[in-house]
Amino acid sequence: MSEKANSQYSLSSPNEASLLNPKAESKLRRKLDLLIDQPFSPYSARILPIVTLTYTFIFLDRSNIGNAKSAGLEQDIGLHTYDFNLGTCLFYITYLVCEVPCALLVKRFGFWLVPVSVFCFGIVTVATAFIHNRAGFYATRIMLGLAESFAMPGISYLLTRYYRRHELTSRVGCFMLIAAGSAGAFGGLLAAGLLRRGKIGNRSSWENIFLVEGIITMGFGLLSFPFFPTDPERTRMLNEEERKLAVARIYADQPQISDTKESMNRKLIKRGAFNVTTMACTWLYIVDNCSVQGLGIFLPSILKVNYPTASAIRIQILVVPIYITAAVIALLATIGCIKTRTHFPFVLFAGACTITGYSIWLATDSSFAKARYAACFLNMTGGFTGGPVVLGWAAANSSPDTVRAMVGAVVTGFGGIGSIAGVWAYVQTDAATGYHSGNAFNLSMSSSLIFVCLGLFAYQWYENQRRDNGHRNYRLERGGVDQYVLSFFRAFGL
């Protein structure tokens, strides 16, 4: 449970406690984090680079709809007032419904489903370049939601198989923020270039955005298939000694388990979905998605309201520094989580950024264009910071393996409720007011984040005190664990 951690306890597998040598762990982490030793061999793919690239394409193929909207998609395919919001909403509904079962399929059949997912949503993105009416728009958004449902829970689960509790948040932050920042910035620049390019074959304007980005995504999905990692017990990217160390690290964080990958059962699935930390983090993720997904889709449209005379190309370029700044600041926040072994102050920081940003939009009118542009930086920074910190907070407090798989799927899956709300926060009929209703909604949601974050911290602090005083020992004694394991549990607040 929670914000406590103590590096002096390094229990490994039941009979291999001596394996956890700090220097060996540090060397293994570097190998997992970086592409070294024959980087182009299919057996030397590293965890962090491959998941970062994968999430880059996930975010790129989600946010390109906003670039296409500002380039005239609605008018060209004859969408009515709320059709764009409805189609975008269908993506998130499909994603929400499918993500938990897809996460269980990844656990059951393996991580190879993730690159297959990438290839499939690349196909859907290419298909979007050829839509010509509302039905096609709806169909491609539904198919994109289904195709993406394997990727994010699969990535989150993969990280928990290789990294320890106190290492997770910075890695989650790294892959989410570098990827989202790169995709947002690159997507804006690429969209600007493609809009300037004119025709590609018989496609033009916003069609080029989907065509080119979809082809790139399909290519990455195919190329990453032989590189994508599998479980630490079987991976060929590690030698025998490194595999033993990777397995020992799993036992170190979960000393109550007898197998690193137990069989799924209803009890563990229920425990992963229905506990205080998971439910609180799910709400925090919902709030975060209201902001970051709403901005991810509608930021070009919001900037168009702020700069009504700007060209479509200039609007795409104005998006770029917002993403880069938000990604850098948020990445520093996730590193701070690891240095301090705490999460709640950084969630509060995210809430403070979004509250300030949306307040600026509500308190100003169209004559304060620079202040409103600055507010977009605050809003995106708050959104980018909250996502990985909340996901890391949830993952660091989940055990054993099935629970970890469920927690990532539940938090990100039901967090899609926030994405749906974010889509409907910004409707075309509200554009004349500077999206006053949408900003007011996000301001109120950000305020709720503060209360839930403080409530979760108070709950975990109380539970840690109870466990330190021995009031939860019966839960462990039933399982017959020894006193050494018991002390480990108390040290980590588990």
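Just so you know, glycine gets a Cβ as well, placed from its N, Cα and C.
As recorded in TrEMBL:
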- 109-132: transmembrane segment (TRANSMEM)
- 138-160: transmembrane segment (TRANSMEM)
- 172-196: transmembrane segment (TRANSMEM)
- 208-228: transmembrane segment (TRANSMEM)
- 273-299: transmembrane segment (TRANSMEM)
- 311-332: transmembrane segment (TRANSMEM)
- 344-364: transmembrane segment (TRANSMEM)
- 370-393: transmembrane segment (TRANSMEM)
- 405-427: transmembrane segment (TRANSMEM)
- 439-462: transmembrane segment (TRANSMEM)
Checklist entry - Can you say which of 172-196, 344-364, 370-393, 405-427 has the most Cβ pairs under 8 Å with the transmembrane segment (208-228)? => result 172-196
Checklist entry - Restricting to the same chain and to residues at least six past its boundaries, which positions have a Cβ under 8 Å from a Cβ of the transmembrane segment (172-196)? => result 48, 51-60, 63-64, 67-68, 71, 155-156, 159, 205-206, 208-209, 212-213, 296, 312-313, 316-317, 319-324, 326-328, 330-331, 333-335, 337, 384, 387-389, 391-392, 395
Checklist entry - Where, among 109-132, 138-160, 344-364, 405-427, 439-462, do we find the most CB pairs under 8 A to the transmembrane segment (273-299)? => result 405-427
Next on the checklist: Which residues of the chain, 6 or more past the ends of the transmembrane segment (311-332), have a CB below 8 A from one of its CBs?
Outcome noted: 67, 70-72, 173-174, 177-178, 180-185, 188-189, 191-192, 195-196, 299-300, 303-304, 350, 373, 376-377, 380-381, 383-385, 388
Next on the checklist: Please report, as numbers and ranges, the same-chain residues at least 6 past the borders of the transmembrane segment (405-427) whose CB is under 8 Å from any CB of it.
Outcome noted: 81-82, 85, 88-89, 92-93, 95-96, 99-100, 102-104, 106-107, 152-153, 156-157, 160, 268-269, 271-273, 278, 281-282, 285-295, 297-298, 301-302, 390-391, 394-395, 398, 435, 437-438, 441-442, 445
